[in-house]
Amino acid sequence: MPAPCNCIETNVCICDTGCSGEGCRCGDACKCSGADCKCSGCKVVCKCSGSCACEGGCTGPSTCKCAPGCSCK
């Protein structure tokens, strides 16, 4: 029985409730953006240049929205 957080084996992306943080394997198919993401390696990180803040709706580099006049990395 694969761990509930192992989305490579289960093909189901569970990040928050139901995932204890054990046996995390996310892969490209499973990325979490919520603060309650138990698997640190699954967390989507949006980085903006300098001290610019990230705006909501960021699910990865391609959808990263930074404050106006800022660029995403």
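For all residues, glycine too, the Cβ spot is worked out from N, Cα and C.
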TODO: Could you look at C42, C48 and say which one Swiss-Prot places alongside C26, C30, C32 in the Cd(2+) 3 site?
DONE: C42
Open item on the list: Name the residue among the binding-site residues C24, C66 whose Cβ has the smallest number of other Cβ atoms within 10 Å.
Closed with: C66
Open item on the list: Let me make sure I understand the structure: which of the binding-site residues listed (C15, C48) has the fewest other Cβ atoms within 10 A of its Cβ?
Closed with: C48
Open item on the list: Between C26 (Cd(2+) 3 binding site) and C42 (Cd(2+) 2 binding site), how many Å separate their Cα atoms?
Closed with: 6
